[in-house]
Amino acid sequence: MTLSMDNSVQSLDKRDQWSSWTDFIMSCVGYAIGLGNVWRFPYLCYQNGGGAFFIPYFISVIFCGIPLFILETSWGQLLSVGGLGMFRICPIFKGVGIAAAVMAFWLNIYYIVVLSWAMCYLVASLRVDEDVPWRTCNNSWNTKQCHSEYETIPCHSNKTIAKMYNVQVLTEEHLLEYKKETFTGVKANWTICSTEQLSYVSPVKEFWDHQVLGMSKGLEDVGKLQWDLALYLLIAWVICYLCIFKGVKWTGKVVYLTASFPYVMLCVLLVRGLTLEGASVGLEFYLKPNITKLSESKVWVDAVTQVFFSYGLGLGALVALGSYNTYNNNVYKQALTVCFVNSGTSIFAGFVIFSFIGYMATQQGKSVDEVAQAGPGLLFLAYPSGILKLPGTQLWSILFFLMVLFLGVDSQFCTMEGFFTAIIDEFPSLIRGRKYGRETFVGIICIISYLIGLSTVTQV
């Protein structure tokens, strides 16, 4: 009886470990380097003084990012537990671990929605018989206001009409009222139109608003479920489940693909972007320093926020990833490597994004400031618009959104691993001590998260 209990305890105490230290590094790279490096850092750079933003950013990296990254990974390695068990050295702070686990749970639910958006664009780009659907205004979701930003807007005939209006048009509605009137002459009819179209919307914007998001009338109007997004969301959850359900020995192999592929795509896109007309304009806008911006507190707040966001601090995921190291692993050197790769990737991604934005601004005859957008708009509006004038639009669209998927999927499943590790280590006999206990637990949480996440793919 005693022997059986001892064997059970020994079996229960065995935790998975990384097959090698490279698995740990690649997992940390995959987790930390995500969509924030591509869509957030470049925008913050040009918005906060261009090259001058590097000063507060690297100060934040040195004094916040690197120390906290090392702290979390080494803490996990020291205790070999997840985000809840790490506070056994100071039980009064266990609530911090609980809060981190709760944040990770909810983050997993809404972050993965971005992957469903990327899948929507990827599937639309794979249509072999047609061009990308956001090029034209001939689709079912387009409105009368749809007009390509790359085409001149037809305005009026060069005829002269006999009636003049001496009024000041103040609103779009006022203008449209005048445009409803017509003049009938001996030889022809004319309809009033303005010399400048005020209400046009690009097909890229309408694809995003009406086809992907299904914009409703307002926040109070929940709208119906977007069934295509619900399917893509399900696929994303299944992919993430398959990446982590077997534990870190399996995950450590998956990340070699998911963490490496984005770098291949970034290099390909950079080479193409630098050969485009106007790329230098975008890069100048990205890097040209405006030192006066450093006197604004917002610039420093944005720098610190970006470091915490892109390094994935405070969610328990780094603690979980570090907990699967051997006790004598050189975690300091490896954590420093990941930090340097993370920050380097952010800067590198800025060159890629702004080379295309400079090209787009040149083609549209606008300034870079007019076409650059923050957040999801950079991925789902600016870039899809920028590639419309390139030969092989579908190919560049496929490559880009594949990169977005790989950037997002490893950040997603590593954050999930942080949550699962915290719970499993807290209840080892209930989960790890049972046959297929981990697989079942991970599957149940994924199903629950998917069902909750359906609320995020209704009409916006």
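Just so it is clear, glycine is given a Cβ too, placed from its N, Cα and C backbone atoms.
TrEMBL does not curate its annotations; it predicts them automatically.
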The residue that TrEMBL pairs with C146 in a disulfide, chosen from C120, C137, is C137
Cross-ref TrEMBL: Na(+) site G30, A32, N37, N342, L407, D410, S411; candidate in list S74, S310, S367 matching that site is S310
Across all protein chains shown, the binding-site residues S310, N342, S411 give the max Cβ-within-10 Å count at S411
Same-chain residues at least 6 beyond the ends of the transmembrane segment (396-420) with CB under 8 Å of its CB atoms are 27, 30-35, 37-38, 82-83, 101, 104-105, 107-108, 111-112, 114-115, 118-119, 121-122, 125-126, 132, 236, 239-240, 243-244, 248, 251, 254-255, 257-259, 261-262, 265-266, 268-269, 272, 312, 315-321, 379, 383-384, 387, 390, 438, 441-442, 445
Cβ proximity for D410 (Na(+) binding site), under 8 A, sequence spacing 6+, ordered by residue number, returns S27, G30, Y31, G34, C243, V254, V255, T258, A259
Note: vs the transmembrane segment (51-71), the recorded stretch with the largest number of Cβ pairs under 8 Å from 21-39, 260-287, 299-323 is 299-323
Tertiary contacts of the transmembrane segment (21-39), defined by C-beta under 8 angstroms and 6+ residue spacing from its ends, are 69, 73, 114, 248, 251-253, 255-256, 258-260, 262, 306, 309-312, 317-318, 321-322, 324-325, 329-330, 334-335, 337-338, 341-342, 345-346, 349, 352-353, 374-376, 378-379, 404, 407-408, 410-411, 414-415
